[in-house]
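In what follows, a structure is listed as structure tokens, so that the remarks can point back to it.
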């Protein structure tokens, strides 16, 4: 947008005396209000046209396609075979080795009983297999949603002083998260999650990774009394004000296993074929640390352990959902924020791996699948789950062919719940902190941040606001600040639309931006502008002032060079729509330009815009048919023949024009 005045060298081209036949601007076909409404609804909410697969199909085929659309499992299950099962079996067992320690760790990150992490790795994946459309998505608890849920709920309820109420609030928040997610899919309102841009997510995830890692210092140092706040300053104060609680045994064990996990992660990054090293490292560390803790009686040496975990599958938890009382607004707010975050992560991960394997993931199906698995999950003692990037990456690398790998993972978790829970009794809490740090460190994407800096400085600023807002204020406020800044950017683009001045490229009938194409030349007597945005109530004042200012600048210049401005031509190919306020812009421009002896012409107004302009101009005295053109070239050629006074000869004249 060329808002500021700058001095540029411009030249004028001669106007040809030959007037080619101008093509009339054809009126769009007439449509009723209902027809226009149907088209708007289709293009807004059904841009993928999901019903096109049913056209021309017999009834029986339509029923089959309908069932497959609602339950994607019906599409691939009939073609399933032993070869696919072999691949899914390997990948399912591999991600189970990652899911078990991660589930326990993330539940503690959310200030919930560790067993809920395993419950949440059992039931939700089974629901997703039936409803989800991704072949690679590994479903379960994730660090970001766990962190946000834990931090938001503990602002009002202490997980230590009132763990039962905290658990109820977490399960109820999961219900509302699932409800929001499913509703977005059913109502096809997925564009809401688009407000979380890549810049926001980069900064938010990096900031969350820092905060999550710093929070694990409690476990790595053996501190018993730690701050509930998530910002970096209170966390670091808590660390250094509690040096008397540090346990050297815990520190040695934590750092040792953290180094092992980081080395395993580094090996898998450098050599992707060794993905199983980082995938199996967390479980191996849990096993080794548990054996070590049992052998040395760690609890007697200042090393805290998980303790007894209940055996058995998920107990029903419908009775724990609360829909009244003073905490209702808290669970709704927590559910909405965690729901949006987990939905964004799940869909982003699913689409990433779908692009790698060249298949399509339906965003609306994913919203419904993730939403319904959380609604079902909250009734079976599961807290919020989604597609995990780490699990999905391992799942893809291990060669998963279908979503059946999630079933294999669930069965492995089931075996753990039924028979192996006593083995986790002596698992040190410090190893869970090390696992979390290793998992979230991958969320800090420095190359992506650098690329953002090179491409768009404003987006880089948004990323920094999200990052520093999360680490210095809080997770939710940091996210809110970044979203607010992104919305401000959109509002600026709406209220200050790009408008450029066009000139003719010599020897052609092509008109391009004078600031971009230095060889482009001004046409004497014409001010040719291109508006590159919809026209609405938010930008009509700016557009009016900008266009009038341009005419005044051109007129001032014309007085010095004997050129008189006679026509303002608006090229409107990029004006996709205009509202009722936008229509008034053209009336006001006509009036203002008429007082200056300048006439307004429009080039290539789109159908919707043309219809509204004509309906608003009942007297036919503002939008004249002979001042509507298909191309700028035809407009200049046609209008130049009606100019009151030709102002240049055949020679090209040079002048300095102020814009």
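Just so you know, glycine gets a Cβ as well, placed from its N, Cα and C.
What TrEMBL says about a protein is an automatic prediction, not a curated fact.
Feature annotation from TrEMBL assigns transmembrane segment to 112-130 (among others). Residues 71-73, 99-100, 102-106, 137-141, 150, 159, 163, 166-167, 170, 306, 309-310, 313-314, 369-370, 372-374, 376-377, 380-385, 403-404, 406-407, 409-410, 413-414, 416-417, 421, 424, 432 of the same chain sit 6 or more residues outside the transmembrane segment (112-130) yet have a Cβ under 8 Å from a Cβ within it.
Note on the transmembrane segment (165-187): residues 45, 110-113, 116, 149, 153-154, 157-159, 193, 317, 320-323, 327, 330-332, 334-336, 338-340, 342-343, 363-379, 381-384 of its chain, located 6 or more positions outside it, place their CB under 8 angstroms from a CB of the stretch. Annotation source TrEMBL lists transmembrane segment at 165-187 (among others).
Under the heading transmembrane segment, TrEMBL lists 199-217 (among others).
Sequence-distant contacts of the transmembrane segment (246-267) (same chain, at least 6 residues past either end, Cβ-Cβ under 8 Å): 219-223, 274, 277-278, 281-282, 285, 288-289, 292, 298, 301-304, 428, 430-431, 433-435, 437-438, 441-442. What TrEMBL lists as transmembrane segment is 246-267 (among others).
Proximity of distant same-chain residues to the transmembrane segment (274-296), defined by a Cβ-Cβ separation under 8 Å and at least 6 residues beyond the stretch ends, is recorded for 94-95, 97-98, 100-102, 253, 257, 260-261, 264-265, 267-268, 303, 305, 393-394, 397-398, 423-424, 426-428, 430-431, 434-435, 438. As annotated by TrEMBL, transmembrane segment applies to 274-296 (among others).
For 407-424 (among others), the entry in TrEMBL reads transmembrane segment.
The annotation transmembrane segment is assigned in TrEMBL to 430-453 (among others).
Among the features that TrEMBL reports, transmembrane segment is placed at 460-488 (among others).
Sequence annotations record features per position, and here TrEMBL assigns domain 'STAS' to 516-639. Taking H, G and I as helix, E and B as strand and the rest as coil, DSSP gives the domain 'STAS' (516-639) the counts 59 helix, 22 strand, 43 coil.
Of the recorded ranges 199-217, 407-424, 430-453, the transmembrane segment (460-488) has the largest number of C-beta contacts under 8 angstroms with 199-217.
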